[in-house]
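Trainee: Pulled the feature table from TrEMBL, pasting it below:
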type	residues	note
DOMAIN	37-156	domain 'LamG-like jellyroll fold'
DOMAIN	231-375	domain 'LamG-like jellyroll fold'
TRANSMEM	553-572	transmembrane segment
TRANSMEM	584-605	transmembrane segment
TRANSMEM	620-641	transmembrane segment
TRANSMEM	653-670	transmembrane segment
Amino acid sequence: MASGEPASEGSYISMSLDSLSWAQTSAAAAGLFTARIQFSVDAWVRFSGLPAHTVILGQENVFSFGNRASSIYFQFEGLDLILSDPGVSRLYDERWHYICATFDGSMVRLYIDGDFNTGQSCMGQVNTGTNPVRIGRGVQGLIKRVRIYNVVLDKDTVKSSMFGTPEAKTIFADFDFSVNKPLDRGPSSYPLSLQNNSSMIRISPALSLGTYGFARPLGDIEINPGGKQVDPYSVQAWIYISSKYNHIQAVFANCDLMEDTGMALYVRYDSDKSAYRLVSQRGSSGSSGQTLTSSGTIPVGAWTNVATTFDGINLNLYISGVLDSSMSCTPIPLYNQSGYILIGATIEEGDSSNTATLQGFIREVDVWSRALSAAEIENFMATSPDVNTSGLQGVYVFNNSPVRNQVNGNPVALAEGAVLFGQIESAPVSADRSYDDSIKVPDTGLDPDLMAKIRSELDFREFCENNRNAFDAAEEADVAAFDDPADKELVRKAWADVRDRLVNDPASLPFMVTEHKIDGERLLIVHRPAGSYVAYRAAEEDIDDCTMWRIKLIFIAIAGTLCAITGVAAKLTDRAIAYIRQILAVPEVITYLAAGAGISAYFIFEILKILYTAGMLKQLVLLVIDVGFWTLIQVVAKMFLMMACVGVEYARMISSFVATAATLAVAYANKPASCDPIPSVTLKSISFDYDPVGTAVDALTIRQNFSSNVSVPEWIPANKNPEDSPCAYALSLIEGKIPTIQVKLEIPKSTKHSVMIQATGGGILGAIDPVNANFKSGTSVTITLNLSHQTLAAGGVGRTDVTWNWQYRIDNNAWEVMAGTKHRVYITLDRPCNPWKQTSDRTDNQLPWTDVLDYACTWAAGAKSTDDILSKVTTKVNSGIGLVYDTNSGASVYTGMYSGTRCFLCTRFIDFLTKGKGNGKTVNCTDCATIVTTFANILGSDVMEAIMTSYPKALEGFSCNQIIAIGTTTWKVPFGRGFSFHEVAWTSAGFITNKIYDACLQYDTGSDPWGTGSHTAGLPLNVQFSMLQPVPDPFPLPNANNARYRERLAANTNAGIPKCLPKGAWPNTNSGRRPVI
């Protein structure tokens, strides 16, 4: 691989056409068409706008093969037009399609993407011609290959030829546009020439960011490089900068660049060198952050591999696999519980920064929880890492939609115009024009005579007779899935055909897998109509019967589907087997496989859908086929389109899975005697707050918001996402104790066998040690489990998502997978204080809201004292969520009367935080004090909303010094004179000597807060209201030596400091802790 370019499999070559250009070859290439003998023609084409009429292959006045809108057609000049039916299958814009036409001397048949579409008689005299044969006339898009066969392809050979290499003797011409210069690989080597601006281009599929776009991995909050101050990490990426428009262009960022946590990798323009330099940043982009800038530069208009690593002390930068620069670093100032990552943009003040979008393309980003070595950086530059590699947390590859983290299957959202497209450039002349990325026929892997003998001895008649009822039930289940009689008949015919072949001619089945032991080896052999091949071999002692059987079931599901949908032959590798072991840990998959001989084609689809939803399908496909890059992305795309039922006729798809279902039924019936039963112990529920009375050491009682509660048990099988199963713990309430949860388990029938359960993983909740589950007297038990390994207190306040992998064991057999559960855990410092309650009444709408905890726990992440909580929350409210002071009237918008009490309109404020709506961003001091009090008190602080004003004349107010009001940047005296009152979060009883937190403003912390010269801005955090008498003596104050909050806020005049005095909470505000509504 050349330095500065992606791995060779990261791009492909194709012919590009603009609707007025084409390629052409000798008139002799039309010989089969003019002779009207049997032939077939196929092509791979991608339309950029479906035109009304194109000629993919044709000769003027003789024949044409191409498309008409969303249909394909074939026509001999002067004879009937044969047009495909778009109701059966159709062409789509911006998608690669395989199209095929066959002619047997009297009938033309058309195929789209390997599936038969229509057939029609075609009789009559055909013209002969001397004009050149043209390829791609009228096409706006790409053409990769066009082939002419001297045989009629049947439906099986059409499918296998889609990605495969046809027999050489069947090829008349093979026009290959995947190399530059294009050539005819057929026996005649017809010359090819590009006409009228047609060109050969190289496409590198990638993420195109556009002007403001970015990619946002969803659910990957555990990927948190730089979040834990000294945690090791590595980030490696392939990037292509196409424009110098942005001074800074981001590759990867974790957390807000305006905060002292997280990290970022980006490029920054060096005007002196007229080039970009690579930058690795830790923490804030301000003075407290640490940045390492490369000595080398990143070119514009070329692919470059960039990486940064941190080992806890040393920060490194790599360019094109070579170490560029290093520096030692101190810990990042702030701890962050959860990651918030963006690809292609940075985060500033809570939003993606439009000024830092990478102007170009990103092909792949890999994230690790350890520092890679220089050798590993170089290795992973050439080859994507195996998802099972130690420390690998994220692999984001942008060559197929939908994009997922290939490590855990979590989805990736594309936002603000980001799309999967491709970087395009003129194709270089191919160094090896003999390279052909179509799939070769697999080598049999066994002595031909022995393989022929195995194939001839395939016999499933007895199995079919013994399982007739199971097959009947599976067939009926598939037929019953459809309402249309035509669909029912299609599925019924598919089952009848497979069952007939299984009995009378098993070698003709589209797909079958058998297992054999030969000469000390264990073999899996795949049988297809064209022949048989060894898909896996291993020494008998290397893998036991039971493991092999289970792996075989998953292999059949994926390999059979690949065969049915794409015609691609699959093989097992050690890496594939390791990944299949992970799939066998998915309970839903095991449940469907347990259907045995009664497994239906619909079950096959459901298994694939589970793998697709879990993000496992793509990775498994990658591991069982060995093909070129272009073929790989087309196979994956076709599988994904099938799963999304896009452009797929559902009954036809289910019918294609029948052979795979029959193969699975045969394999299941051969379950080894040593193999443990498919797991049947079921996890029914998990309860965190199972004892609302409060005698147990369990979770806090919480609800979602004012109108919705949190159901207990918090987890049931339908709850798939962490936020669906929340729990909250107050650290003070569990200190020195062992928290507990309750789980409910079920088993089909009571048993005297010993049943043990355990859970691995669990994050901060910890793993759960093995405990006994007694099913001797019933089929359902509820067990209280100790969280003996929890580490809830380690990180202070926070919110984190955790996953438990539940297992059970019967007697002394191996542990079996039972379920995987995800939970959202909130950690507060102490019991929530007013307005929040803890009560056994789960309908009380003043129980802590998870809608509030989601923000409060994030704002105060890492806090281990009430001052930490209040300081973090106050800081966030002041400068992190976009609030602006009401300089017109100073009126509150987030408080109001409800049932005689002044309340906090918390639901409206949450709407502002989540959607930017609510009652808007303009606020006053009452709003700020109420937000700080409510969000801090839910975490265990105990402050009140209290006011300062003058008395005995209430609300006469006081004169102020210059301040910076929330959301502004200018020093001004509020309202020209001062405040009629001012409300803050006040500690203790709100006395003059107590401390306050004020999110509404910044004041002058310098030596002369009363002057109009330069100021030193500071946010009032944990500052004493005053240490002086209500009317200080002497007065005016001679200096600011003893100045606290009041003296820095109020003017040093009779209308200022002496008039600014504590007044306590407003009436009817629940003692300054406004109820939430």
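Every residue gets a Cβ built from N, Cα and C, even glycine.
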Trainee: In the domain 'LamG-like jellyroll fold' (231-375), how many residues does DSSP put in helix, strand and coil?
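Mentor: Going through the domain 'LamG-like jellyroll fold' (231-375) residue by residue, I get 5 helix, 80 strand, 60 coil.
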Trainee: Report the DSSP secondary-structure composition of the domain 'LamG-like jellyroll fold' (37-156) as helix, strand and coil residue counts.
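Mentor: The breakdown for the domain 'LamG-like jellyroll fold' (37-156) reads 2 helix, 64 strand, 54 coil.
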Trainee: Against which stretches of its own chain does the transmembrane segment (653-670) lie, if we need a Cβ under 8 Å and a gap of at least six residues from its ends?
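Mentor: Beyond its ends, the transmembrane segment (653-670) has Cβ neighbours at 460, 463, 467, 470-471, 474, 478, 481, 490-491, 493-495, 497-499, 502, 509-513, 515, 549, 552-553, 556-557, 560-561, 563-565, 593, 595-605, 642, 645.
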Trainee: Calculate the per-residue pLDDT averaged over the domain 'LamG-like jellyroll fold' (231-375) and state the result as an integer.
Mentor: 89
